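Asks: What follows is a single structure, and I will ask about it in a moment.
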Amino acid sequence: MPNILNTAPELYRIRVAVPVHLYDCFDYKVTEDQYRQIEVGARVAVSFGRQHVVGIVTEKLQSDAPIDSSFQLKFITEILDDQTILNEAVLKLCHWSAQYYQFPIGEVMHAAIPTLLRQGKPYNLLARTWKVLDLNADDKFKRSEKQQDAYKVLKLHPHGTAETILNLSGIETATLKAIEKKGIIRCELEPQNFQPEPVQLAQMPLTPNEDQQKAIQSMVKAKNKYQAFLLDGLTGSGKTEVYLQVMHEVLKQGKQVLVLVPEIGLTPQTISRFQSRFHCNIVLMHSGLNDTKRLQAWQHAQTGKATIILGTRSAIFTPMPNLGLIILDEEHDLSFKQQEGFRYHARDVALYRAHLENCPIVLGSATPSIDSFYLADQGKLTHLKLTQRAGGALMPKMHLIDLKIAKKQQGISQNLIDEIKKRLDKKEQVLIFLNRRGYAPVLICESCAWQANCPHCDAHFTLHKKPYEHLHCHHCGTINRLPDACPQCHQQTLKPIGMGTAKVEETLQELFPEHKILRVDRDSTSRVGSWQKIYDQIHTSEPMILLGTQMLAKGHHFPYVTLVAILDIDSGLLSVDFRATERTAQLIIQVAGRAGRGEMKGEVYLQTLRPDHPLLNTLITKDYRAFAKDTLADRQIALLPPCRYAVMIRCESRSQDENQTFLTNMTQKLREHAGNLIDIWGPIPAPMERKAGRYQAHVVLLSTERAKMHFYVREWWQQILHFKPSNMKITIDVDPQELS
Ligand code: ADP
Ligand code: ZN
Ligand code: ZN
């Protein structure tokens, strides 16, 4: 049969997503051979304008597809992959996310692949795998325990283990090379004919309690189909054990599991629990990996060699040929939402992915987001509860300390100091939480009330004493010298007000000179490995005081901590953001959850100026669920998210007026089109209007009809981009999590 394509070679065309900040894909010409060879989801090198870029093929066009004659089609430069690297599900996921979050498809797809592939490096770059040659060499390591341990691990995996994975479990490449010299193992560059390893349990599962049993059963029933679960369980109620047992059922079918966590670096013990339960290929995907390791991990997932993929937010876009289960732990955590550029929420993308892959998904938390409670109420999530602490540990008791009447030393109430002393005397550990690093948040002049403010932001400078005395703006990074005297009245009456972690550390050292105090914040853990060191010390059971910020609140298991204190819960209650109370409640429960996880019962002290705050009282006299119920009811009355859907447009420029005028004109246009369907708030200045010398303002759009609102916003957003002044930065945030 004559091939009509032969007569018009420009009819061989493909559509390519290129990594530029434009909303369309672009068409390129290919030769007939290339057309046959090319697969959707493979990379091609193309020229775009004057740039040479790596694009991803999104479509092979039919010969009769209309030709865009507005500009001359170019030929692609080269095909980079002979097969697809993004499978169908991930391609669909990228298209959906680009559409939903109003972000350019080319950039979304680029975000989905590892850096080295973005740079056009060959797919099979490195795949070092170690395999045992001699299975009876146990007695050949008399002098090296390290080699002995490595050998034991290697023997468990007769098909070979990737060097990345060995490295991650603490086996160094040097050790492997030393064993290789003895001729006992071999490094293979690329395993051919890889067989998926059947999963083996390395450790017996615990006997689940009744709640756990129910949760496991209903999740296992859902395997091989889409169902979304909310696993709502107190801190320490055994959620991780539930994950492990459900994972086992899925792994036994030869399927892969994707586990998303907020921050891998901060939860080493979660990782080791997965590693010690299963003998199988587990890979980690997070921003701490170098490019090569990340590519390797990605390839293991993409080829199906890895069976468990444990990653942070962006791992949701990893292609996995046999995905059978998604777990998203600490689902309330804000780090699942990317707050710049492509502003997606990994939780929502994950729900959509599970739907595409036809597999179950579990969102787990001790303090589920109000958003998820809402979805559960609507029947979109199956709500499963774990109501007791596993292993018999009791929930800690909470106490409020009224700072208005309490006797205090440097901001710490006497009552609390006495309790800390009691615990230390009993050789227990104490955790003190304050979400403010540095020495003091404000420096003022006592004579004339001058305040040290950042010249570029609407914010106070934070006083730091180490490594030298300086003023630091935590919003734009400006660092200034500490003035010797007040710049306004020239008196030497400058005084730090309030306390940061460094100040509290000083106070505690004075109060408890003979005890160890470990400070954990971004300043004390900035060096690589320092967190691990601190972590190891905490687990020595020695009596000590742990003092820290956010970093201490997340998912850790500190078995010897029996007293937890939050020094200032009020700052979270004063914010203009309607989600601030939700975040504060989550923080209180998460920090409180660090107490009494072992055999000893814990207690929690909260210092506040507002002991009669209704939120606090519901939380303390009842529990988080009661708080969540009240909060959701409030949101329903106020018609706030999740009871309405939101889209936020942020605008940033050198002029307040320009922001206001532009946003006012644009919202006027939207009103003309969308009428009453969309409720528009603003334009209003951001809570911190000036940041790094630029002014920020925003509008928030709210509607009960998500699809219709998105439809209007899509068109409108393109107009905004078209009309905006060139010196103005405008961003769109669909389902914003923060109103700042
Ligand atoms: P969560 O993930 O909800 O914080 P974990 O799974 O970490 O809770 O469990 C808390 C502690 O209870 C862990 O030390 C765990 O080993 C233990 N645990 C969990 N389930 C059981 C069980 N069924 N029986 C005994 N101990 C359990
Ligand atoms: Zn002064
Ligand atoms: Zn600043």
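Heads up, the Cβ atoms here are built off N, Cα and C, so glycines get one too.
Automatic prediction, not curation, is the source of TrEMBL annotations.
The shown structure was predicted, so the numbers you read here are calculated from the model rather than taken from an experiment.
According to TrEMBL:
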type: BINDING; residues: Cys445, Cys448, Cys486, Cys489; note: Zn(2+) 1 binding site
type: BINDING; residues: Cys454, Cys457, Cys473, Cys476; note: Zn(2+) 2 binding site
type: DOMAIN; residues: 220-386; note: domain 'Helicase ATP-binding'
type: DOMAIN; residues: 481-640; note: domain 'Helicase C-terminal'
Asks: Name them in sequence order: residues not among Cys454, Cys457, Cys473, Cys476 whose Cβ is within 8 Å of the mean position of the Cβ atoms defining the Zn(2+) 2 site.
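Replies: The surrounding set, listed in chain order, is Pro455, His456, Ala459, Phe461, His474, His475, Gly477, Thr478, Lys691, Ala692.
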Asks: About how far apart, in whole Å, are the alpha carbons (Cα) of Cys457 (Zn(2+) 2 binding site) and Cys445 (Zn(2+) 1 binding site)?
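Replies: Cα-Cα distance, Cys457 (Zn(2+) 2 binding site) to Cys445 (Zn(2+) 1 binding site): 20 Å.
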Asks: Among the binding-site residues listed here, Cys445, Cys473, Cys489, whose Cβ has the fewest other Cβ atoms inside 10 Å?
Replies: Cys489
Asks: What whole-number Å value do you get for the CA-CA distance of Cys489 (Zn(2+) 1 binding site) and Cys476 (Zn(2+) 2 binding site)?
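Replies: With distance taken Cα to Cα, Cys476 (Zn(2+) 2 binding site) is 27 Å from Cys489 (Zn(2+) 1 binding site).
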Asks: What whole-number Å value do you get for the CA-CA distance of Cys476 (Zn(2+) 2 binding site) and Cys445 (Zn(2+) 1 binding site)?
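Replies: Rounded to the nearest whole number, the Cα-Cα distance is 23 Å.
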Asks: At 10 angstroms around each C-beta, which of the binding-site residues Cys448, Cys476, Cys486 has the fewest other C-beta atoms nearby?
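Replies: Relative to the other binding-site residues in Cys448, Cys476, Cys486, Cys448 has the fewest Cβ atoms within 10 Å.
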Asks: With an 8 Å cut-off on Cβ-Cβ distance and a minimum sequence separation of at least 6, pull the same-chain contacts of Cys454 (Zn(2+) 2 binding site), or say none.
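Replies: Cys454 (Zn(2+) 2 binding site) has long-range Cβ partners His460, Phe461, Cys473, His475, Cys476, Thr478.
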Asks: To test your reading of the Zn(2+) 1 site: which residues beyond Cys445, Cys448, Cys486, Cys489, same chain only, put their Cβ within 8 Å of the Cβ centroid of those residues?
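Replies: Near the Zn(2+) 1 site, the remaining chain residues are Glu446, Ser447, Ala449, Trp450, Pro487, Gln488, His490, Gln491, Thr493, Leu494.
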Asks: Within the domain 'Helicase ATP-binding' (220-386), what mean pLDDT does the predicted structure show?
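Replies: The predicted confidence over the domain 'Helicase ATP-binding' (220-386), as a mean pLDDT, is 92.
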Asks: For ligand 2, which among the binding-site residues Cys445, Cys454, Cys476, Cys489 have a CB under 6 Å from it?
Replies: Cys445, Cys489
Asks: Reduce the DSSP letter at Cys445 (Zn(2+) 1 binding site) to three states and note it down.
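Replies: Reduced to three states, the DSSP call for Cys445 (Zn(2+) 1 binding site) is strand.
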